[in-house]
Amino acid sequence: MAEEDLYDVLGVKKDASEAEIKRAYRKLAAKYHPDVNHEPGAEKKFKKINEAYETLSDDQKRAQYDQFGTTGSQAGGFGGQGGFGGFGQGGFSQGGFGDFSDIFGDIFGGGRARRDPSAPQQGRDLQYTMTLDFMDAVFGKETSIKYNRSAECHTCHGSGAKPGKSAHTCSTCHGQGYVLRQRQTMMGMMQSQEVCPTCGGKGQVIDPADQCDTCHGAGVTEERHELKVKVPQGIDDGQQMRLQGQGEAGKNGGPYGDLYIVFRVTPSRDFKRDGNTIYVDQDISISQATLGDHVQAKTVHGDVDLKIPAGTQSETKFRLRGKGVPRVNGNGNGDEYVTVHVKTPKTLNKRQREAMLAFAAASGEDVKGVKAGFFDKLKDAFEDNK
């Protein structure tokens with residue numbers, strides 16, 4: 001028989017926030033607690049609620065459950081950072097192997113040191129994707145963003161209790177956050193530690209009547225957070241920026257997590273970018289390439305004068321020092337490279353044709369040319385009469 005989905009156990013959606021999960025757990029735990037609910041099956045239901053909360057309130061276990069539909073060693077994989085991969089430090093975390101070390105530690109008398117359930121814990125990190133226009137990425141900008149996050153409850157200041165009320169030590173685990181269970185194994189009677197089913201591993205409980213009316217005992221609420229962001233100059237597509245303390249609220253008075261902004265830059269029609277270097281295409285005529293000229297070349301800093309030497313060949317590149325993208329650290333600008341393309345006219349009027357034939361003759365070239373068609377002759381006549 002398939003096990004009931006843990007999200008269904010708590011009555012929340014799969015994308016529920018930490019605050020929503022905690023609020024649902026508090027409500028159900030108060031309803032099915034064995035001390036207040038003596039109906040048949042209430043204790044079993046209460047245990048299932050605690051098991052669901054133990055998994056879904058832990059970032060690592062929740063990510064593993066979402067991926068494999070289970071937790072612990074059954075998944076057989078490495079754990080991640082719970083909903084926010086790619087920004088933390090490299091390497092593997094213990095993931096699904098944590099349960100094994102707990103069990104073996106209990107069997108052989110050692111075990112890992114248990115974390116104090118009331119110790120402050122940092123909040124979860126968040127990710128925000130910001131789309132930038134090409135020029136805004138080059139020169140930076142100041143803007144405002146809005147996003148949802150869990151924040152410390154302004155009424156109870158994170159305690160979860162009404163003003164004048166407070167949590168008290170859990171009578172089941174006596175503040176330890178876990179209980180000892182004995183089970184028969186092939187090696188005899190063994191003792192293991194499990195998360196306290198009453199307090200969910202926190203070591204403290206708040207009576208339902210004493211819970212904060214705003215956050216319902218969760219200590220956090222969902223908010224639409226607005227933040228001013230100064231985008232630095234020289235940001236490139238795919239780069240990220242960390243804003244400390246702008247993530248979700250911590251637990252037990254712990255610090256907020258961080259916000260990571262990932263930048264997506266809209267391509268430009270005029271410029272191509274590679275790091276701090278800009279590439280531009282510039283069309284010039286045969287006359288300009290042959291005789292030389294000065295043209296206005298586009299740069300991200302505005303148009304500049306570009307000298308075209310006489311005899312310039314098509315696809316020649318010119319370097320404009322310091323006309324590229326400003327470096328993020330403020331240490332100058334990159335360069336720009338202008339590639340010139342000599343454009344050959346598709347049609348010539350009569351005077352242009354005669355001039356080109358004369359040029360060919362002066363160059364010792366026996367160029368016969370191709371006779372112009374009716375429409376070309378008509379166009380030449382029109383041009384000559386101007």
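Cβ atoms here come from the backbone N, Cα and C positions, even for glycine.
The Zn(2+) 1 binding site annotation in Swiss-Prot covers Cys153, Cys156, Cys212, Cys215, and the record cites sequence analysis as its basis. What Swiss-Prot records for Cys170, Cys173, Cys196, Cys199 is Zn(2+) 2 binding site. Feature annotation from Swiss-Prot assigns domain 'J' to 5-69. Sequence annotations record features per position, and here Swiss-Prot assigns repeat 'CXXCXGXG motif' to 153-160, 170-177, 196-203, 212-219. Look at Swiss-Prot and you will find 140-224 tagged as zinc finger, backed by sequence analysis.
Structure coloured by features recorded in Swiss-Prot.
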| residue | record | DSSP (3 states) |
| --- | --- | --- |
| Cys153 | Zn(2+) 1 binding site | coil |
| Cys170 | Zn(2+) 2 binding site | coil |
| Cys196 | Zn(2+) 2 binding site | coil |
| Cys212 | Zn(2+) 1 binding site | coil |
Other same-chain residues whose Cβ falls within 8 Å of the Cβ centroid of Cys153, Cys156, Cys212, Cys215, the recorded Zn(2+) 1 site, in sequence order: His154, Thr155, His157, Gly158, Ser159, Gly160, Ala161, Gln211, Asp213, Thr214, His216, Gly217, Ala218, Gly219, Val220, Thr221
Stretch in 153-160, 170-177, 212-219 most in contact with the repeat 'CXXCXGXG motif' (196-203), if contact is a CB pair under 8 A: 170-177
For the binding-site residues Cys153, Cys170, Cys215, the one whose C-beta sees the most other C-beta atoms within 10 angstroms: Cys215
Candidates Cys170, Cys173, Cys196, Cys199 (binding-site residues) - the one closest to Cys153 (Zn(2+) 1 binding site) by CA: Cys199
Other parts of the chain folded back onto the repeat 'CXXCXGXG motif' (153-160), taken as Cβ under 8 Å at six or more residues beyond its ends: 166-167, 206, 211-215, 217-221, 249, 252-253
Same-chain residues at least 6 apart in sequence whose Cβ lies under 8 Å from Cys196 (Zn(2+) 2 binding site): Cys170, Thr172, Cys173, Gln176, Gly177, Tyr178, Val179, Lys202, Gly203
Helix-strand-coil residue split for the domain 'J' (5-69), DSSP-based: 45 helix, 0 strand, 20 coil
Local Cβ density at Cys173 (Zn(2+) 2 binding site) - other Cβ atoms counted within 10 Å: 24
Tally of residues which DSSP labels helix, strand or coil - the zinc finger (140-224): 3 helix, 39 strand, 43 coil
Under 8 Å by Cβ from Cys156 (Zn(2+) 1 binding site), same chain, sequence gap 6 or more: Lys162, Pro163, Cys212, Thr214, Cys215, Gly219
Binding-site residues compared (Cys199, Cys212) - highest count of Cβ atoms within 10 Å: Cys199
Overall pLDDT of the repeat 'CXXCXGXG motif' (196-203), taken as the mean: 85
